[in-house]
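Asker: Pulled the feature table from TrEMBL, pasting it below:
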type: DOMAIN; residues: B:11-258; note: domain 'Cation efflux protein transmembrane'
type: TRANSMEM; residues: B:41-60; note: transmembrane segment
type: TRANSMEM; residues: B:81-100; note: transmembrane segment
type: TRANSMEM; residues: B:112-133; note: transmembrane segment
type: REGION; residues: B:141-197; note: region 'Disordered'
type: COMPBIAS; residues: B:142-159; note: compositional bias 'Basic residues'
type: COMPBIAS; residues: B:165-179; note: compositional bias 'Basic and acidic residues'
type: COMPBIAS; residues: B:180-193; note: compositional bias 'Polar residues'
type: TRANSMEM; residues: B:236-261; note: transmembrane segment
type: TRANSMEM; residues: B:307-328; note: transmembrane segment
type: DOMAIN; residues: B:343-415; note: domain 'Cation efflux protein cytoplasmic'
type: REGION; residues: B:473-500; note: region 'Disordered'
type: COMPBIAS; residues: B:489-500; note: compositional bias 'Polar residues'
Amino acid sequence: MGRYSGKTCRLIFMLVLTVGFFVAELVSGYLGNSIALVSDSFNMLSDLISLCVGLSTGRIARRSRRGPRATYGYSRAEAVGALSNAVFLTALCFTIFVEAILRLARPEPIDDAQLVLIVGTLGLAVNLVGLLVFQDWGACCRRRRPPALPPAATTLRAVPGSAPTGEADEAGDSPNDQKSPEEGLEKKKERKSEALNIRGVLLHVMGDALGSVVVVVAATIFHVLPLGNAPCNWQCYVDPSLTIIMVFIILSSAFPLIKETSIILLQMVPKGVNMQLLTDRLARVPGVSSLHEVHVWELAGGKNIATLHIKCQTPTDYQDAAYKIRKVFHEAGIHSVTIQPEYIDCKTSQLLCSSPCISKACDSHLCCSQREPPLAKTNGYTEKNDSCLSALPKDNGSSKNDIEISIEYPLAEDSIKNVKNCGVSDGKSQLSSTRL
Amino acid sequence: RWWQNRRARLLCMLALTFLFFVVEVVVSRVTSSLAMLSDSFHMLSDVMALVVALVAVRFAQCTRATKKNTFGWVRAEVMGALVNAVFLTALCFTILLEAIERFTEPHEIQQPLVVIGVGVAGLIINLLGLCLFNHHGVGGHGHSHGHGHSHSGRQHTRSGPKPEQPPRDGEAALHREETSTLVENCSSSNGVSQEKLGDMKDDMTDLQVNGNAGHYPLDVEEVEEDSSAQLNMRGVFLHVFGDALGSVIVVVNALLFYGLWNPCPKDGPCFNPCVNNHCMENATLFQTLGKANNSEQESVTVAGPCWLLYLDPVLCLMMVCILLYTTYPLLRESALILLQTVPKQIDVHSLNSKLRTLEGVEAVHELHIWQLAGSRIIGTAHIKCPDPSTYMMVAKRIKEIFHDEGIHATTIQPEFASVGSESGRGKCEFPCRTQCALKQCCGTGEDSTAKKTEKSSSLSISCSEVVIEFPKTRRTKSESIPSVKLEANTDQNEQFESSL
């Protein structure tokens, strides 16, 4: 990946522009002794902060992966950055809302309509440039991208995931992609993750633009119909009411972003993955007697990760099933899977995990409690017909009870032996000597 | 006791704060003081923070897996903490802007007495909130019985050889009693949500039907208050703390104003040197003239002292600095959890080396450790072993190593080396197909680039095909299990080839 992809380029450009305008407004505000200019310049400051957050999280997310402090790398930084930007914007909207209400209670006219009009127009121009810059991805730094890839281009709108190619991407690729797969996939992956990051910044810029629009409208009204020294009429209410409308518009676009980042950050099942269907398909894989502890979550940017525990009869079952299980996941769009095999012992329940941790004291630290046998069909607990026959020898009754540590694994080791007793009789194992 | 319950505390504070907000709005209308109205909205922001924390607590009580979230919602509290921290930072930013504005255009306080009164009332409420939320670790009592009960129930069922169905009904009935008072949304919680058990302590003493409550190490539960709950409460605490500081500033400012300010009387000439600074020279001129002729002219009241007007913004700046300094650690901690980083106390390198030095383990890769929330740390690893029997022997040791580090929820994937794979020790045997490499959470191991170039010529070959050439030459020992496996393997090979 190049150091300066299109995304960083845009952010830096916008940053420079905003800083320049902020300084200009501040200076001219102090020189001209106008409070309106100074306060408007601080709106630019909030824009600056959101841009910095966006830039820095983009940088962090591209840092070298897998340090000792972060085994997954920092690719989630963009989601966290987007959430921070959205919450920051919500808080700013809240304060703007409060001010607008105060203004409604105590209306004041705009004093220097002309100055405010000029500044407002300039601010609007800057914000429109920003919006354009973020929308038009091809405007700068196109080094790495091949020029014509129509499906990729259509996915880069401000609302990702709604384009059909985005959806197809999530549902899983066909094994033979027409375009060169790595290039296309990389673009799509970038599309999704950069979309979150940019969206956070875009929200701020849009909020600022709307604010400038309101300022321009109100100042125009005062410029065209000057109030002089007369008491406030309807003109004074234009500004606050438009501001309130603007706050609602911004909030209605911030909440979807918050929801999307929550899906990632709360480890929810990613959109496009149907857990019920997935667990049904997995349960039907031959060789799998039951599964539990199925977890599917999204790391960031379309990378889905799954872990599960399966119970099988023999190691060969496991090898066989592992490939098919991966295939099922691959079709669902999940490409990083970790499967823990557990061998069936007819004495333990099929539903419970044979190897949660080494002692039951850890139960509260497990991601999902093992204490109760879960309700069927939740957490991917599915089981097939009990393949264990009845009347099994109870020679290892000692291993079951109160010695907590030894409960699970001797059973696993014995399971080879017992499985043979259950149905498959192929000679004797030498594993019984290694029981703990 | 009810106040040990997180939710009760939050609700109580929420009610108080909202009530006070309403009172402040009414008072501000009555006295037509704009400053009080704007101060009342600080209370409203407190209310929002409390709502966020409440929602997070409510969500986080559902620790069971659901269709939408396979981990349950325990992470909600961490996210609530992050949202509150960012919200507080944004509020600090707006307070900073207001303070800077006050520097350029200082206001006097009108009606300082009213402001003092309301400020003191707000301060009392905030101090009460501080006491409520400073009480961390209070939820540690009273759930020992509940805990022991459920555990002993399970022990009882496990000791018998029969399947667990009949005792499970009894256990389920007890669980139902427990859970009936818990959150309604969760079909059944995991039964050890600590705060609720504090409430139900009395019920639990009746329900100890299975005896043997003390068998289990209960202090594990008591000592730990889930650190994600602590994060959430810290977020709320910081909000209330910020509000308390704000009230202190308001009260101090109003007191000083009341005591020291010399206001302009409504009638009579008055000169206010604190505004219109560029007229200062005229002011001093005027004053000297006035003093020279003071016998004949009326004394001109001079409003002041001017530094009082700048006290408010200065104190606000100090408050912003204090708040930012105390919010940053919370922000950092919750962000680190959400970023899936390794928890501070775990050293991945030493864990990795411990795993590698086990005999029977050839290689370890895809080792991932992350914190779900609180003390729930999750680990996954792929362990490469020569054959399944070796794996069986080391499996328990592996889990023990993880357990010693505090990682209790692990998923270990054993992989069995293919023949002639000396060079490929580090390779994952079961990655997805090659074109998925970019969608995997992290490459496919150290040899990922080499692997890609190997495979680039034949895209449609799946990686596992290469793997399942099981060692035909190695199984010369008399272990019968591998020989069983060997026959099965050849079947598998044919199976795979035909599937292509």
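For all residues, glycine too, the Cβ spot is worked out from N, Cα and C.
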Asker: Is the transmembrane segment (B:81-100) close to the transmembrane segment (B:307-328), in the sense of at least 3 CB pairs under 8 angstroms with a sequence gap of 6 or more?
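Answerer: Touching, yes - the transmembrane segment (B:307-328) and the transmembrane segment (B:81-100) meet the threshold of 3 or more Cβ pairs under 8 Å.
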Asker: What is the average pLDDT across the domain 'Cation efflux protein cytoplasmic' (B:343-415)?
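Answerer: PLDDT averaged over the stretch: 88.
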Asker: Are there residues at least 6 beyond the ends of the transmembrane segment (B:236-261) whose Cβ is under 8 Å from a Cβ of it, and what are they?
Answerer: 10, 13, 39, 42-43, 45-46, 49-50, 53, 84-85, 87-88, 91-92, 95, 108-109, 112-113, 115-116, 119-120, 122-123, 126-127, 129-130, 133-134, 303-305, 308, 311-312, 315-316, 319, 322-323, 326-327, 330
Asker: In terms of Cβ proximity under 8 Å, which residues at least six beyond the ends of the transmembrane segment (B:81-100) contact it?
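Answerer: The answer is 42, 45, 48-49, 52-53, 56, 228, 231-232, 234-236, 238-239, 242, 246, 312-313, 316-317, 319-320, 323-324, 327, 330-331, 333-335, 338.
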Asker: DSSP says what for the domain 'Cation efflux protein cytoplasmic' (B:343-415): how many helix, strand, coil residues?
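Answerer: Going by DSSP assignments, the domain 'Cation efflux protein cytoplasmic' (B:343-415) contains 27 helix, 28 strand, 18 coil.
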